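Chemist: The structure's right below; bear with me while I get my questions together.
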Amino acid sequence: MATAMTVSSKLRGLLMQQLRGTSQLYFNISLRSLSSSAQEASKRAPEEVSDHNYESIQVTSAQKHVLHVQLNRPEKRNAMNRAFWRELVECFQKISKDSDCRAVVVSGAGKMFTSGIDLMDMASELMQPSGDDAARIAWYLRDLISKYQKTFTVIEKCPKPVIAAIHGGCIGGGVDLVSACDIRYCTQDAFFQIKEVDMGLAADVGTLQRLPKVIGNQSLVNELTFSARKMMADEALDSGLVSRVFQDKDAMLNAAFALAADISSKSPVAVQGSKINLIYSRDHSVDESLDYMATWNMSMLQTQDIIKSVQAAMEKRDTKSITFSKL
């Protein structure tokens, strides 16, 4: 590894000193720090992002380097209509290329996160495909399902960390969506429901593929899938589906934005590289993942972000004072 690094032996010594003396600073987020960030974030009025204009979602700049993507059909309980499946793909493709964005918070407007697919709007597309040849209808439906699957895969493939903030119901397609996010917070009144079996079909846009890897309990996933029962917030926390539960929506959003602000203050090279390698490691063996990591870092270890971080640590400056270049 030393061979791969193009830094001096003195700087390597500084790196070791940094790891010994400032690990808590770099790897632990204190509740006090999060509370301060949350208060600061709540004072800022969200600003519309000019190149994100949609019918079913709203994108605002919550704070510096942080975007807020909100499911925005509260009168329909944020049901996922035809526009949603197209717009979320467009939205996250833009976010992936947005060099100023370093973290994303996804939430739902109104009384709940989402009620899932909008059956009234989607019925004609799903239930009455054109044509009378079974093979051709099958190919049409396969292409349609693949298109819907991409709607949530773009979240997973987005290199910026995505935090889901869930309140009220998260039903059907909502579980597919949050399973593709990196971090999940919820309110005490939240519940999660894999509803598809009650509609006569198997969930087909990500839940069955991602949820077992998220919570690591195949028996529980099977139970939730086969029965369509509700998983309440406390059970979601115990199972590992969410990492924190909050009393109400405001407290949850404040914490989500505080975490996003903290993440966005870190090196984007380090954060985005970590997300990409975590996802790769989830789907590959340890040996394959270590090899991928070595190949990745043979380039990334040459970043100026390391030098900036070490200098800040040696000067006892807050890491938030470092100015990292856009990525």
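A Cβ is built for glycine as well, from the same backbone N, Cα and C atoms used for every other residue.
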Chemist: Same substrate site as S115, G116, I117, D118, L119 according to Swiss-Prot: which of G168, G173, G200?
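Modeler: Candidate in the recorded substrate site: G173.
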Chemist: May I ask you to name which of K195, K230, K275 Swiss-Prot has annotated as N6-succinyllysine?
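Modeler: Looking at Swiss-Prot, the N6-succinyllysine feature maps to K230.
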Chemist: Test of record reading: of K94, K147, K213, which one does Swiss-Prot tag as N6-acetyllysine?
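Modeler: Cross-referencing K94, K147, K213 with Swiss-Prot, N6-acetyllysine lands on K147.
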Chemist: Check the candidates K76, K97, K316 against Swiss-Prot and report the one noted as N6-succinyllysine.
Modeler: K316
Chemist: Using the centroid of the Cβ atoms of S115, G116, I117, D118, L119, G173 as reference, list every other same-chain residue with Cβ within 8 Å of it (recorded substrate site), in sequence order.
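Modeler: Going along the sequence, the neighbours come out as A79, M80, T114, M122, I171, G172.
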Chemist: I117, L119: which of these binding-site residues has the sparsest Cβ neighbourhood within 10 Å?
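Modeler: It is L119 that, of the binding-site residues I117, L119, has the fewest other Cβ atoms within 10 Å.
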Chemist: Pull out the recorded positions from the set K147, E196, D204, S267 whose C-alpha sits within 10 Å of the C-alpha of G173 (substrate binding site).
Modeler: E196, D204
Chemist: Can you give the largest Cα to Cα distance in Å, as a whole number, for the residues S115, G116, I117, D118, L119, G173 that bind substrate in the record?
Modeler: 12
Chemist: Please work out the number of neighbouring Cβ atoms within 10 Å of the Cβ of K147 (N6-acetyllysine), leaving out its own Cβ.
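Modeler: The answer is 13 other Cβ atoms.
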Chemist: Name the secondary structure element type, per DSSP in three states, that contains L119 (substrate binding site).
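Modeler: Its secondary structure by DSSP: helix.
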Chemist: Using C-alpha atoms only, work out the spacing between S115 (substrate binding site) and E196 (site 'Important for catalytic activity') and round it to an integer in Å.
Modeler: 12
